[in-house]
Structure formats: structure tokens, C-alpha cells
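Quick look at what TrEMBL annotates:
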type	residues	note
DOMAIN	63-314	domain 'G-protein coupled receptors family 1 profile'
TRANSMEM	46-70	transmembrane segment
TRANSMEM	82-104	transmembrane segment
TRANSMEM	124-142	transmembrane segment
TRANSMEM	163-185	transmembrane segment
TRANSMEM	223-247	transmembrane segment
TRANSMEM	267-290	transmembrane segment
Amino acid sequence: MIGKLMSLMFYVTNSTMSFLRTVHNDSVIIHSPGFYIIGFQTFPHITIYFIFLAFVYVLTVLLNAVVIYVITVNHCLHTPKFLAVVNLAVTDLILNTCIIPSMIKIFLIKDNFVPFNLCLVQMYVYYAFGTLESFALAILAYDRLIAICFPLRQNSINTLRSISYIVCLTWCLTLGVIGFAVGIMTRLSFCNSLNVFSYFCDYAPVFRLACNDYTMQWSVASLLTFLNLVGPFAFIFLSYVSILMTVFRMKSIDNRVKALATCAEHLILVAVFYIPVITIFTIGFYLRLIDPDQRVLSLSLASCIPPCINPMVYSLKTKEIKNRALALVRKKSNWPRST
């Protein structure tokens with residue numbers, strides 16, 4: 001009797017589990033404890049690279065902090081252009097802080113495991129502030145567009161309030177959209193490999209590890225890559241087409257040179273940010289002519305170098321920031337003598 005009862009219970013249990021696996025498979029979500037970041041395991045001379053990354057991070061923090069401080073404490077620099085510069089500096093500082101310390105931690109402690117929730121947080125911060133950097137460059141292009149193409153109406157169009165609204169709009173839009181993109185990652189089940197072949201918890205390498213359908217995640221990633229990179233770049237390109245048309249209408253060559261000179265630092269930032277990204281995506285993802293290890297290294301450099309170079313360019317090329325920073329250094333150096 002007991003044997004028949006046990007057989008019946010075993011049959012019912014198996015039938016129930018089979019029903020759940022077949023009918024409700026998509027509703028059963030299996031979240032892994034975390035992921036293993038394995039992007040640099042086969043990379044030679046890794047010690048030199050991480051020493052270089054530590055140097056880049058220190059420069060990023062110091063230079064961006066100086067730019068933010070100089071612009072904040074000097075009321076004469078409270079203009080639309082320098083508000084856009086502060087927006088870029090804050091974005092750069094958070095972007096590299098999200099990536100480089102975790103990479104160095106993996107190298108020093110030899111612990112490449114990232115818990116699931118922390119992985120999603122890093123993914124969110126990286127893509128949110130990478131997108132904000134793209135929009136920050138577009139905002140700086142807007143500032144140059146108004147200054148050169150509409151010089152007589154610049155003070156009425158390009159005000160601190162209007163730039164503040166634009167910056168707030170880009171932040172709210174970006175944080176919301178990226179939040180949705182990362183949120184839908186919780187719908188995926190991870191029941192196979194947990195090795196992420198990248199230098200951080202990257203969006204595409206993580207969703208490809210899922211054992212259920214990730215069509216939605218792939219579609220969102222493709223759409224947001226187009227909107228967040230191609231959209232601002234197209235605006236920057238069209239802005240400079242309008243700027244060049246305005247400049248070549250000027251009769252004086254000196255005025256042409258002066259107008260273009262004000263765009264020099266911004267053009268350098270655009271080139272440093274977009275050329276590596278476009279090159280890597282074109283060669284690595286579409287033509288597939290680049291080795292996976294080299295692609296990971298190139299992407300990490302393309303992510304970490306621009307936030308370090310941006311404050312250098314604005315500190316050296318922008319006379320107002322350079323003069324104020326030098327005055328601050330002289331004041332600090334003379335302070336012990338005066339006391």
C-alpha cells in the first residue's frame with residue numbers, strides 16, 4: 001500500500017515538474033549568483049596595462065576635479081559654454097570611476113567574480129554615463145552653433161537657463177532609457193556559462209549567456225546604440241556643416257580663423273570619442289577583422305582614454321580655464337610665504 005502511494009506521489013511530482021518546464025518555461029527565471037569577467041585573462045603584459053590604467057584614472061580624477069572646481073568658484077565662468085564643460089567633466093569623472101577601479105581590483109585581488117546585482121549596477125552606470133558623454137559633446141556643438149551662426153542673438157537664445165534645461169533633459173532621458181534597458185535584463189535566465197568575455201559587465205556579452213530568448217534585449221541594445229551614438233554624432237556633424245557655411249560667408253579671413261579657432265578644442269574631443277568607437281564597431285562587429293582579445297583591449301582604451309584627455313584639452317586650449325587654474329596654483333604656492 002505504501003509502495004503504491006509513493007509511486008503515485010512520484011508520478012504526480014514528475015508530471016507537475018514536466019508541466020512547469022513545458023508550459024511555463026518562460027515564467028521561471030533563474031538568476032545566477034553573479035558573473036566572471038574574463039576579458040584580460042589571456043592578454044600578455046597585463047601588469048603594464050593596469051599600471052597605465054591606474055595612471056589614467058589618477059589623471060582623470062585630478063584634471064576633471066580641477067576643471068569643475070575652477071569653473072564653480074569663478075563667477076565670471078558661469079556661462080552656458082562652461083556649464084556644458086562642467087557637465088562633460090562630471091560625466092567623465094563618473095564614467096571612469098565606474099570602470100577603472102573594478103578592473104584594477106580584478107588584477108590586484110585576482111577576484112574576477114561580480115555579484116548579479118552589482119553587475120547590473122555597473123552596466124547601468126557605464127551605459128548611462130557613456131551616453132551622457134555623447135550628449136555632452138552634442139551640447140557643446142550646440143553652444144558653438146549658436147555662438148557662430150547667430151552671434152547677435154546668442155545672449156537671448158543660449159542662456160544659462162536654456163542650457164540647464166537641455167542638460168537636465170538629456171540626464172532624465174538617458175537615465176530613464178538606460179534604466180529600462182538594464183531592467184529587462186532581469187527577465188533573462190542564466191543557467192549555463194557565467195563567463196563574460198569583456199572588461200566589465202557588458203550588456204551584449206551578458207545577455208548572450210542567457211538560456212532563454214533574448215530577442216528583446218538584442219533589439220533594445222541595437223536601437224539604443226544607434227540613437228545614443230549616431231543621433232548626437234549626426235547633430236554634431238550637421239552643426240559643423242552650418243558653422244562652415246557661416247564661416248565661409250565671412251569676408252574677413254581673420255574672422256574666419258578666429259571663428260574656427262573657437263571650435264578647435266571641441267573638434268579634438270569629438271575625434272577622440274567617436275573615431276575609436278566607430279572604427280572598433282566597424283572593424284570588429286561588422287567586418288569581423290579584429291581578434292576578440294584585441295577588441296576587448298581596444299574597447300577598454302576607447303572607454304577610459306577620452307575622460308582623461310577631455311579636461312587636458314579644455315585646460316590647455318581654453319584661455320579662461322587655463323588662466324584661472326594657473327592663478328589658483330600661484331595662490332596656493334604663495335600662501336605659505338604670506339603666512
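Each residue, glycine too, has its Cβ placed from N, Cα and C.
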Mean predicted confidence [pLDDT] for the domain 'G-protein coupled receptors family 1 profile' (63-314): 90
Criterion met for the transmembrane segment (124-142) and the transmembrane segment (223-247) (at least three Cβ pairs under 8 Å): yes
Long-range Cβ neighbours of the transmembrane segment (46-70) (under 8 Å; 6 or more residues past either end): 40, 77, 85-86, 89-90, 92-93, 96-97, 100-101, 103-104, 107, 297, 304-305, 307-308, 310-312, 314-315, 321, 324-325, 328
